[in-house]
Structures are given as structure tokens and as C-alpha cells.
Amino acid sequence: LFPDLNTLAQPSEGEMVWVGNQTLISHFILLGLFTHSPLHLFFFSIIMVMFLGALSGNGLMILLISIDSHLHSPMYFFLSWLSLMDLMLISTIVPRMATDFLLGHGSISFTGCGLQILFFLTLLGDECFLLAFMAYDRYVAISNPLRYSVVMSRRVCWLMVAGSWLFGLVDGLIQTIFTLRFPYCGSQKIDHFFCEVPAILKLACADTSLYKTIIYVCCVLMLLLPFSVISASYLQILVAVLHMRSAEGRQKAFATCSSHMAVVSLFYGAAMITYMRPQAYHSSKQDKVVSAFYTMITPMLNPLIYSLRNKEVAGALRKLLGRCPCGGQPGLG
């Protein structure tokens, strides 16, 4: 009953694949985020500006961290990986969406849709766990500064990043494989601007209720486990900061952690709205708006949040631009 992905070629818009007594679709049609109305053309232009801003902002963040010695610490090591993940995440979604909008159609092959699901879910899972490791890094730096260099050694940092990629990849593979194993023999139209699992499952011509329940449980775990680590870390950080005698130390700790909390709130808030709400409370318009938030807006805002609230990054930028002969003072971590 299931199509063999290796035998699917790029079809024409009306092509179907016959398997047994069922006609299985070999490609989907993404309806997109916008129509071609003047207002939506304006919104599309804003999205493209945001895309270019995300590319330049995250690319600049990676460059600054790699060339400035003041930023060679675990906190910025994780931040550089976060910027890379944001670059990859927004590049997985926006170029395809923009091409579909400009060409006037959103046809995507079955295999292409599967690859987009895999990349998107892998990167989404990566960020979930990386943000948790970043919170733990701040907890060690503030609560146990004397042992910070030992606890957060270079080897430990690489293991944390590798673990983030591994967890994300496993989650992405599992969801992609099981999603594509369902037969799709009804409508080809996905009411979304990219291949997201909940939107695709609506087109399956088989009972997906058990699988939807499993996905819901997995997504809750994938979000709540890292979020629990983040919450516990920042609760301990808050206790440690309140016991600091130095007002300057408290201010620096709050400045550093508030940037991370802003990123966590933006990312986890949108992801939880999408994946932790029961299906009965979902609507296509709401899902598209929320998905646009964490696939486009968050990757653009992350480098702005860290650069505006972080003296070391701002100092490195001034140094790169030649406005200041010296970088910012090294901070926590």
C-alpha cells in the first residue's frame, strides 16, 4: 500500500502513481502563505527582508565569534552553533516558499517534501536541546564559576553539540519515515507554505489517529524535557544572582541571561503553540502564522537580541568595523 520513494520521479502536476487498487499521489501542492494581492505582496517583501536580515545577522555572528578571541568561550561556542542552525532552518523554508510564490505554483515532489520534513524537524530538535545546554552553561558559569572551565571543557561542549544534532536527527528520521509510510490518495493540496507533518497527515487516506497521538506525546517530551532543564537552570541562576554582593556582577548576569531567556521564550512559545495544542484547536491560518514565527522571525531576531544586549558581541562588531581599537571586556564564561 505504500509508495517506494526511490522509484518516484519528478511528476507533472496531474501525474498519479497506481499501487494495487489505489491511486497514490506522487507530489503535493503547497498553497503557500500569501496570495498575489497588494497587501500580501507587501508582506512577502517584508519576509524577504527578514530572510536577508537573518542570513546576514547569523552569518555575522558566526564570523565575529570565530575571529575575536574575547568570544572564544563555551557560551559563544554554543551561540555560534545556534546561529548556524538558524541559518539552516530559515534556508530550508524561505527560498522554497519564495520560489513557489514568484512562479505562481507550489508543486513539490513526494521525495522533496520528505527531505524538507527531515531537515526541518532535525533542526527544530537541535535547537530545543542546544538551548537547554546553553541554559546549563549559564548555570555553571554563575553558580559555580571556580569549576566552570573544568565542567564546561572543550570536550564537554563538543559532546553537547553532537548530542543536540543526534537527538534532532533521530526525531526527524522517525517522524519523516512514519509520515511518508502512509498512503496519500486524496487531495494533493497542503494548506501550508512548507511540508509540516500535521498539515500533511490531513491528506492521508488511512487512519492516522494513533500516529497523531504518538507524535503529540513525542513532541511534548521533545519540548518539555529541554524546557524543564532550562527552567531548573534559571531558577538556580536566579537564586545565585540574588545572593551576589556585587551590583555590577548582578547586572552583568541579568544582561547575559535575559538575552537567552528572550530567545527561549520566542522559540519555545511558538513551538509549544504548534505542537502541544490538541488538534481540535488547530486552524490552518493560525498554524501558518505560528510556523512563520519560529521559522522566519525567530532566526532573524536571535542575532539582534544577543548583539544588542551583549557588550562583548557589540565590542567585537565595533572592532571588526574599525571604530574601536579594542574589543569589549570579557564577560561570564
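Cβ atoms here come from the backbone N, Cα and C positions, even for glycine.
As recorded in TrEMBL, the features of this protein are as follows:
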DOMAIN    57-306  domain 'G-protein coupled receptors family 1 profile'
TRANSMEM  41-64  transmembrane segment
TRANSMEM  76-94  transmembrane segment
TRANSMEM  114-136  transmembrane segment
TRANSMEM  156-178  transmembrane segment
TRANSMEM  214-241  transmembrane segment
TRANSMEM  253-277  transmembrane segment
TRANSMEM  289-308  transmembrane segment
The transmembrane segment (214-241) touching the transmembrane segment (114-136) per 3+ Cβ pairs under 8 Å rule: yes
Segment-level pLDDT (mean, integer) for the domain 'G-protein coupled receptors family 1 profile' (57-306): 86
